[in-house]
Amino acid sequence: MPVIDKIKEVFHSKKPHRSDTAPTIPAENEGEATPYLPTEPVFDDSKVIVIFVLGGPGAGKGTQCERLVKDYGFAHLSAGDLLRAEQDRPGSTYGDLIKDYIREGKIVPMEVTVKLLENAMRVSLSNPPVTSGPLAEHWKNGKGRFLIDGFPRKMDQALKFDEAVCKSSFVLFINTTEEVMLVRLLERGKTSGRADDNKESIVKRFRTFVETSMPVVDYYRAREKVVEIDSSPPADVVYDNVRVAIDERLPDSPTYLGQSSSTTFTTSTPIVATTPSQSAPAGLTHQVELGQA
Ligand SMILES: Nc1ncnc2c1ncn2[C@@H]1O[C@H](COP(=O)(O)OP(=O)(O)OP(=O)(O)O)[C@@H](O)[C@H]1O
Ligand SMILES: O=c1ccn([C@@H]2O[C@H](COP(=O)(O)O)[C@@H](O)[C@H]2O)c(=O)[nH]1
């Protein structure tokens, strides 16, 4: 049976129990683990802030995230990077599967990506990316702040992440035209070494974005959780607008007062969830084979 059918069969047919020991789902082959996703959020959204960063391939999501990391102390988790790392990890059960999906510009089954993200979040929360200076405050006492880049790309991922990992705060939608994205990706492709930065894969990725990922943006937009930024201008200009958007929505912004900035900040309309949810029970600190740090 193909690996993905196996994942789906086990995932959908067996109801794992919670206990103090990490739950396991029997796998057909010994040593092979199947991603298990709980039915309640593992992380408490009153402490852990999750911002989804969406946009077409090459729109500039990663570029903006890098800057935000420096100024706001976010942990930046790129779903694509996590998948590529898992693909290259010796012994990964999902390596071949991920490789095929990425080359075809298709969305890897959500069980794999959601579990990789959950694991990476857990690692950041136990080893905070910022440990000194004013931004370290955001990583104390179980708190954390994440930019989840290039995710969710499909509705099932969006719903599952909110249900099983953490309720997201809002979506930063980095948007430009396919013409601009194509130029940027072909240029990046000269040095990126990415198997999907070529014309054939790019066209497939564009199609997947329009057909599969835009419905996710529309879903959050209907719930007034989308901030759209035009990423056609130079990266510095885009970043100025991104900063304003972030400052308007983070509950405790401006976070980098004291650093030089001419932007006028407001703290109105925070849309980060404030209702405490259940913290992660010990039994849910289940780690599968995926992306172990
Ligand atoms: N505003 C901009 N103006 C010009 N070039 C840009 C801009 N933003 C990003 N770039 C360049 O475009 C390329 C794609 O940017 P980036 O990697 O940030 O996009 P991305 O949305 O994360 O892409 P992907 O989803 O494919 O990973 C990079 O080479 C980057 O340097
Ligand atoms: O949630 C996700 C995110 C990404 N993918 C696959 O990875 C590639 C590359 O993603 P980038 O964000 O451009 O690095 C994407 O085309 C998908 O094939 C995914 O399956 N699920």
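In case you wondered, yes, glycine gets a Cβ from its N, Cα and C as well.
What TrEMBL records for this protein:
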type: BINDING; residues: G58, A59, G60, K61, G62, T63, R188, P233; note: ATP binding site
type: BINDING; residues: R84, K106, I107, V108, G150, F151, P152, R153, Q157, R194, R205; note: ribonucleoside 5'-phosphate binding site
type: COMPBIAS; residues: 260-277; note: compositional bias 'Low complexity'
type: REGION; residues: 13-38; note: region 'Disordered'
type: REGION; residues: 78-108; note: region 'NMPbind'
type: REGION; residues: 187-197; note: region 'LID'
type: REGION; residues: 253-293; note: region 'Disordered'
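Sequence features annotated in TrEMBL and their locations in the structure.
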residue : record                                   : DSSP (3 states)
G58     : ATP binding site                         : coil
R84     : ribonucleoside 5'-phosphate binding site : helix
I107    : ribonucleoside 5'-phosphate binding site : coil
P152    : ribonucleoside 5'-phosphate binding site : coil
Q157    : ribonucleoside 5'-phosphate binding site : helix
R188    : ATP binding site                         : helix
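Proximity of distant same-chain residues to the region 'LID' (187-197), defined by a Cβ-Cβ separation under 8 Å and at least 6 residues beyond the stretch ends, is recorded for 57-58, 84, 99, 102-103, 105, 205.
G150 (ribonucleoside 5'-phosphate binding site) sits 7 Å from K61 (ATP binding site), taking the Cα positions as reference. In the vicinity of ligand 1, defined as a Cβ distance under 6 Å, the following of the binding-site residues G62, R84, P152, Q157, R188, R205 are placed: G62, R188. A 10 Å cutoff on Cβ-Cβ distances gives G60 (ATP binding site) a total of 24 other Cβ atoms nearby, all chains included. Closest in space to G60 (ATP binding site), of the binding-site residues given as R84, I107, P152, Q157, is P152, taking the CA atom of each residue. Taking a Cβ distance under 6 Å to any atom of ligand 2 as the criterion, the binding-site residues K61, R84, I107, G150, R188, R205 reduce to I107, G150, R205. Cα distances from Q157 (ribonucleoside 5'-phosphate binding site) to the binding-site residues G58, K61, T63 are smallest for K61. Considering only the binding-site residues K61, R188, R205, the Cβ with the fewest other Cβ atoms within 10 Å is that of R188. Here the region 'LID' (187-197) returns a mean pLDDT of 97 for the predicted model. Of all residue pairs in G58, A59, G60, K61, G62, T63, R188, P233, the annotated binders of ATP, the farthest apart have Cα atoms separated by 17 Å. If you compare Cα positions, A59 (ATP binding site) sits closest to R205 out of the binding-site residues R84, I107, P152, R205.
DSSP gives P233 (ATP binding site) a coil state; it is part of no helix or strand. Sequence-distant neighbours of G58 (ATP binding site): residues of the same chain at least 6 apart with a C-beta under 8 Å from its C-beta are V180, M181, L182, R184, L185, R188, I202.
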